[in-house]
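Peer 1: Could you have a look at this structure, given as structure tokens, before my questions?
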Amino acid sequence: MLSADLVIATAIAYVGLLFLIAYVGDRRTRNRPGGLLRSPLVYTLSISVYCTSWTFYGAVGSAARDGLEYLAIYLGPTIVFVGWWFILRRLVRISHEQRITSVADLLSSRFGKSSRLAVLVTVIAVIAIAPYIALQLKAVTSSIQAIAGTSEMARGRLAGIDEVGLAFGVAAGMALFTILFGTRNVDAKEQHHGVVAAIAFEAVVKLTAFIAVGLFVLYAGGGFEPIFATAEARGIDTYSSDTFGTRWVAMNLLSFAAIICLPRQFQITVVENSDENHLRAASWAFPLYMLAMSLFTLPIALYGLTAMPAGANPDMFVLTLPLSAGQDWLALFAFIGGFSSATSMIIVESIALSIMVSNHIVMPMVLRLAADARSGNGRGVSRLLLNSRRFSIVLILGLGFTYFFMTRDSDALAPIGLISFAGVAQFLPAILAALFWREASIKAATAAVAVGFVVWAWSSFMPSFQSSSATVAAIMAEGPWSISWLRPEALFGLEGLDPLVHAVFWSLFLNCATLAIVSLLTNRSALERLQANLFVNVFGRPGGSGQSFIRGSATANDLFFVAQRVLGDERAVALFSAEASDTGRLWTDIEPSPAFIGRLERELAGSIGAASAHVMLSKVVSGDAISLEEVMQMADETQQAIEYSQRLEKTSAELRSTAEQLEIANRQLRDLDQAKDDFLSQVSHEVRTPMTAIRAFSEILLDTGELKGAEREKFISTIHKESLRLTTLLDEILDLSALERGERGWENQPVDAEAALDQAVQVCDALARQRGMEVRFASRAEAATVAADPDRLGQVLINLISNAIKYNSAEAPEVTVSSRVENGEYCIEVSDNGPGIAKADYSKIFEKFYRGRQAGPDQSGAGLGLAISRQIVARMNGTLELVDGTKRGACFRVTLPLLRETVV
Amino acid sequence: MAIDVLIAEDEPSILEALDFILRRAGWTIGSVTDGEAVVEAVRRLQPRMLLLDVMLPKRSGFEVLKQIRMSEGLKDLPVLVLTAKGQAQDRRIADELKADAFVTKPYANAEVISAVRQLLGEQVGER
């Protein structure tokens, strides 16, 4: 048995150590930003303030009574942290941007900076947390009593002090301690690095202590298996089938809500967060911490149930097991662990609550009562703030003690904690709506939180006084005024449910329903819309410093709002910063001079036109409340107009590119049109030429009857020849036009190319002889089969050979034909020793109606032959090209792919 | 040895027909079949007028006309332009180059005769 004096001395010494850590921590962060104290590790450890003495002692008790149910308390937070991306990330970002200091501040800020909502949330938080504080007091009190025993000898200085007195002493000590800790100075960002350092240290202490006890139990019980086996032999049902029922679901929901809504969790996770990326580490490290913390819960509980005498309080197994084994120092260590759990919770919770109380209730009241106090210096306000916090801390611990006093007859720790969880869970719907639902309105949020609170107070909070108040007991049994459907644990006739499930169901259901319905029925004010946008779009806005500057003079605020909405953050900030440095005042203290308003108006006019700018500013400056809303509306519309014009700009850029494409298409069309005109002009010329001869000779024949027979014959044959030429021309035009459209009037079939070549040479032989020349063969391919049409291939070859004959003006004209097979292709070359084709004409030679300038006198063709030949060869998947031949004349080459069988 | 009309035309049939009708009308005729030969033939044959086809090989009728109008001693030669394209643009170019008359193929023989007569400054029935 340890003496009470020793226990208390140890506790005080431990508190002194904490104080030292906090002091050093504050100094270090002030001197050197960053470092260990701003690391993800310390951040994660401080978050474990979630694990209070309820976890340290109560989880064992809960496990002893209800088996695995206690796990639900860890599961909700695990989900929230693993899914940090969805909720926590938003909360942290928004709170940094908007300088949010608490849950109340968050909701108030989101819903149009409503002070009424802030007050409501603060009041609810203080009331809902009272049972939780009481739980810590009870745990500390019980633990002191457990460790110090009940003998008068051991009680030492505690002799004659009962449980209530002890609890009061603990509460008073805690209040003093927290005041010393948390209200030494006022930080603008409400960050307490020293406190966080101490909390992180306590996290290590409580985890180590708990694991130490766990290991001791394992050692004493002979390992996991024997402990479980013994428990089973004793008939202890660890895995009761109804563990995972509705109550379990409700507990998961509550712990999910608690890790977000509990004022101390919000303080540590969101407000004290110095780097958004720490969340990433905490997302796995914190669940890991909770796992380590819960690892030994069940073994301790089971071993306690088997090793301790019946009737021993399972909540105190962590202490009583080592004590009964004579391990006094381990018990003292465990006591310090539990003490750590309780103190860290109380410190952070009361700091968080005191910030809420002083910021949202005390300060507004003081300022209203003494309007002149505003003109006082900054020190006065700061001291006022600190005093109001100290007062709040006393009030909060006082309420906790009161609750403890009224419910002191209840044994278990866990149910008390769940009452608090259910209370703060009433903030969850509003918080989620704040983050994700733009349409949620202030009226809806206020009503929802209020309804949820009333239902909770009736069905969960009030019943906890059942044992201490006869009235409450009567209401519980009969309902108020004997209205049975208002019985706290059977509301609206819903009976047979676990009281916790019942309370959670009705309070959250009515809370959510109110939020949704009232939101849909009410309109939002301009400021609400503005804030809703800032919150819901927290990751959608560029820059996004929000309006962290807007605190202070109302007129400057309003002007800044308007400037920000119209000009954007950057320009508005630049404008106000310039004014601030010109006047030597603080940003927030700018008193808008006429010159400044004029400058602002000019800036606004640049964006929205002079008239609108003037109307806007005169409305703001005249300070009419309704006009401000109108102005915000106007500013919003301006913003929309700006966005619209940006969209237009984008659209017009798209239009420009479309126009460019159209322009290109147009140019191509014009070129095509020009080509068509040129073609028609050429056709016209080619048709008119034979027509001219025909007409001229016809008229001659008509005019003069006395023409001689021979002359007459000659003229008539010219007319005939020119008519044929006309026909050929028209045929060729149609042929070429069809080929150019991609039509092919034939099916490619296997053709003996060599035979076709022989035939073509034969056809041209007569023409060659007429010119006194010969078509000579050079080397020939042995045999070649190509996919072609024999007549069309012949047409091409005849065209090439006859051209070579016709346009050869050499003295000893010569045409050479050769063929060969090469790389799977069949190749024919027709070359002559004529004047050749100028390099400049190489590209034009295949154009329609093109004739070489040096063409000879016989130009019976229309200049379409080569164009047609090239098209025909292309339709046979080959090429016709003009190449540099071996002789000085022209050399045309036809290349056709060989059919496969001949490749072999 | 001066001639009355020099014909510059590359189409053999048309040249033959023109030659026939102009000779029949009583004029003396010379001819060339490409653009490069025209100026030299004008200097050599000293024609009273030139009947010039536009689509000539080697050098177009318009190029020839331009050269004639810029040559000392030739610029006043009456020139009748013959074109088979018959578009407004050809007529405009001919006017700009100071052609004296313009006939579109296919023409009526009488049209050519009358134009030639006019350029030669002869009245109907003078010969």
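Yeah, the Cβs are placed from backbone N, Cα and C, and that goes for glycine too.
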Peer 1: Which is it, of A:36-59, A:252-275, A:756-779, that TrEMBL names as transmembrane segment?
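Peer 2: Among A:36-59, A:252-275, A:756-779, the range TrEMBL annotates as transmembrane segment is A:36-59.
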Peer 1: At a C-beta cut-off of under 8 Å, are there same-chain residues at least 6 beyond the transmembrane segment (A:444-461) that contact it? List them, or none.
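Peer 2: Sequence-distant neighbours of the transmembrane segment (A:444-461): 107, 110-111, 114, 116-117, 120-121, 124, 127-128, 131, 419, 422-423, 426-427, 429-430, 433-434, 486, 488-489, 491, 499-500, 502-504, 506-508, 510-512, 514-519, 522.
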Peer 1: Run the contact check on the transmembrane segment (A:388-406) against the transmembrane segment (A:6-24): 3 or more C-beta pairs under 8 Å, excluding pairs closer than 6 in sequence.
Peer 2: no
Peer 1: How does the model score the domain 'Histidine kinase' (A:682-900) in terms of mean pLDDT?
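Peer 2: Taking every residue in the domain 'Histidine kinase' (A:682-900) and averaging pLDDT yields 82.
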Peer 1: With pairs closer than 6 in sequence left out, are the transmembrane segment (A:36-59) and the transmembrane segment (A:117-135) joined by 3 or more CB pairs under 8 Å?
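Peer 2: Counting Cβ pairs under 8 Å, at least 3, so yes.
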